[in-house]
Amino acid sequence: MVSAKKVPAIALSAGVSFALLRFLCLAVCLNESPGQNQKEEKLCTENFTRILDSLLDGYDNRLRPGFGGPVTEVKTDIYVTSFGPVSDVEMEYTMDVFFRQTWIDKRLKYDGPIEILRLNNMMVTKVWTPDTFFRNGKKSVSHNMTAPNKLFRIMRNGTILYTMRLTISAECPMRLVDFPMDGHACPLKFGSYAYPKSEMIYTWTKGPEKSVEVPKESSSLVQYDLIGQTVSSETIKSITGEYIVMTVYFHLRRKMGYFMIQTYIPCIMTVILSQVSFWINKESVPARTVFGITTVLTMTTLSISARHSLPKVSYATAMDWFIAVCFAFVFSALIEFAAVNYFTNIQMEKAKRKTSKPPQEVPAAPVQREKHPEAPLQNTNANLNMRKRTNALVHSESDVGNRTEVGNHSSKSSTVVQESSKGTPRSYLASSPNPFSRANAAETISAARALPSASPTSIRTGYMPRKASVGSASTRHVFGSRLQRIKTTVNTIGATGKLSATPPPSAPPPSGSGTSKIDKYARILFPVTFGAFNMVYWVVYLSKDTMEKSESLM
């Protein structure tokens, strides 16, 4: 029989034992948890490996999905990361894209705890993938840095997602008739290389409107604006069958700022500069020649430089027409100056012929001498010197005037005549040259014009007044009419020593100065015509829809 004192001690020991047992169980559980997690993880990895091995077990990547059965449908979409540049000379464009393809391969169905198997590019080589290629691509590059930029995913129902990062250089046919106000639709065409549409077709993943995405920040174009894109599909026939071709059109419109600064404004300023020559005097031949030649050379340089940024097309562009018309205006300004100079020279030649027409020559009439006692002495020599003879007459007249103041007029007059005739030696008169010869024409004219003019009254009465004294009346009667005839004859002698019917012209020939009528018309006609051309040109091309249609490229 157990005593009452031992009962509490037994109960206490039982409670301690239960607590120790619980502690030991907890310690055992804690020691077994890491191993169990690792085991579960090991079991999960083994499950994925088992799943992939089971998928590839007996899988032939040389055969398309549904081989021999239904058509394989490949859904595609494109995300553009960078668009540009666009080369007009090469007629191509470059862009970076994420090219996505989706199809269903029932051979890759699986059952597992994970919805999507996210795999790397190593799996791509072990399964079938579409043989998509870009029909108008000149060069396509798949990026491999730092590893091949490829994404591959398998879903439970066998749907495959395959994404690649590509840089594509594709052909862009351009018709540059409206250059630089043109717009282009650059296509990107892709399809199957080997499978006809009876085996594989392409469709858009998100429909025609949203399957191609081009963010605004992705377009880095200098000469173009990317205004949108459209998609389409078509069937192409070949000797191997009919193939489905998917096409994306990127619509580009050219920016005109560069060409306005580089070509249009310089051409307009050159034409205006060529028309400044119309306001320069037509006698300034060097200045107008420099204007014309400089502007023609400038237009030639501009036309050559404008073609550097274009392919060597065989047709004329809108810029070519503008440059050609500007060149025609500049060249016409040079031709206009040539015409002005030509007609001015003709007018000057006609004026010179009128003013320099030689006067009608008349034979010199012999001077008739009055009969007086000294006539036999003077007729002994036919070549009497007119200048010496005139000086002798003037000297005799002066002596007679001095003697008139102290003596009788009639007696001293006869004495003067005798002294005058005696004072001239016969040998001197005989040796004197002909006063009307060419050599002595100038001297004779000077001597005769130095004589005082005689009025009709003095000629008739033989009396001529003097400043210091009055001449003899008898001397004027004897020599007055002769002196008058000599002076009249000398005044009719021209510069060549010949007698002329009319005196030489006093006004100089016209120099052709002034403004030409051609210049007056050109000052109005050229600017008005050039302004009208610019108005028509810009109205036509700016209001015209120059964007290429997508249908024209198909």
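Keep in mind that glycine also has a Cβ here, set from the backbone N, Cα and C atoms.
Neighbours of Arg100 (4-aminobutanoate binding site), defined as other CB atoms within 10 A of its CB across all chains, total 17. In the three-state DSSP scheme, Arg100 (4-aminobutanoate binding site) falls into the strand class. If you look up Swiss-Prot, you'll see Arg100, Thr163 marked as 4-aminobutanoate binding site, on the strength of experimental evidence.
Taking a C-beta cut-off of under 8 Å and a sequence gap of six or more, Cys172 (disulfide bond) has these contacts in its own chain: Val86, Met91, Glu92, Tyr93, His184, Cys186, Pro187. In three-state terms derived from DSSP, Cys172 (disulfide bond) belongs to neither a helical nor a strand segment and is classed as coil. Marked as disulfide bond by Swiss-Prot: Cys172-Cys186.
Reduced to three states, the DSSP call for Asn47 (N-linked glycosylation site) is helix. Taken from Swiss-Prot, the feature N-linked glycosylation site applies to Asn47 (among others), supported by sequence analysis.
Residues or ranges marked as N-linked glycosylation site in Swiss-Prot (evidence: experimental evidence): Asn144 (among others). The DSSP secondary structure for Asn144 (N-linked glycosylation site) is coil. Sequence-distant contacts (6 or more apart, same chain, Cβ under 8 Å) of Asn144 (N-linked glycosylation site) do not exist in this structure.
As annotated by Swiss-Prot, N-linked glycosylation site applies to Asn157 (among others), with the evidence given as experimental evidence. Under DSSP, Asn157 (N-linked glycosylation site) is assigned to coil, being neither helix nor strand in the three-state scheme. Taking the Cβ of Asn157 (N-linked glycosylation site) as reference, residues of its chain lying under 8 Å away and at least six apart in sequence are, in sequence order, Ile104, Lys109.
Positions annotated as region 'Disordered' by Swiss-Prot: 350-381 (among others).
Residues or ranges marked as region 'Disordered' by Swiss-Prot: 397-435 (among others).
The region 'Disordered' annotation in Swiss-Prot covers 452-471 (among others).
Taken from Swiss-Prot, the feature region 'Disordered' covers 495-515 (among others).
Among the features that Swiss-Prot reports, signal peptide is placed at 1-35.
What Swiss-Prot lists as topological domain 'Extracellular' is 36-259 (among others), and the listing cites a curator's inference.
Per Swiss-Prot, topological domain 'Cytoplasmic' is recorded for 281-284 (among others), and the stated evidence type is a curator's inference. Per DSSP, the secondary structure of the topological domain 'Cytoplasmic' (281-284) breaks down as 0 helix, 0 strand, 4 coil.
Residues annotated as topological domain 'Extracellular' in Swiss-Prot: 306-318 (among others). Below 8 angstroms of C-beta separation, residues 88-91, 174, 176-182, 259, 262-263, 324, 541 of the same chain, each at least six residues beyond the ends of the topological domain 'Extracellular' (306-318), sit close to that stretch.
Sequence annotations record features per position, and here Swiss-Prot assigns topological domain 'Cytoplasmic' to 342-517 (among others).
Residues or ranges marked as topological domain 'Extracellular' by Swiss-Prot on the basis of a curator's inference: 541-554 (among others).
Per Swiss-Prot, the feature transmembrane segment maps to 260-280 (among others); the stated evidence is experimental evidence.
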Which one of these recorded positions has the most other Cβ atoms within 10 Å of its own Cβ: Asn47, Thr163?
Thr163
Around the Cβ of Cys186 (disulfide bond), the count of other Cβ atoms that are within 10 Å:
26
I'm trying to understand the geometry here, so how far is the Cα atom of Arg100 (4-aminobutanoate binding site) from the Cα atom of Asn47 (N-linked glycosylation site), in Å to the nearest whole number?
29
DSSP-wise, what's the residue breakdown of the topological domain 'Extracellular' (306-318) into helix, strand and coil?
2 helix, 0 strand, 11 coil
Looking only at residues six or more beyond either end of the transmembrane segment (260-280), which have a C-beta under 8 A from one in the stretch?
287-288, 291-292, 295, 298-299, 302, 305-306, 319, 322-323, 326, 329-330, 333-334, 336-337, 519, 522-523, 526-527, 530, 534
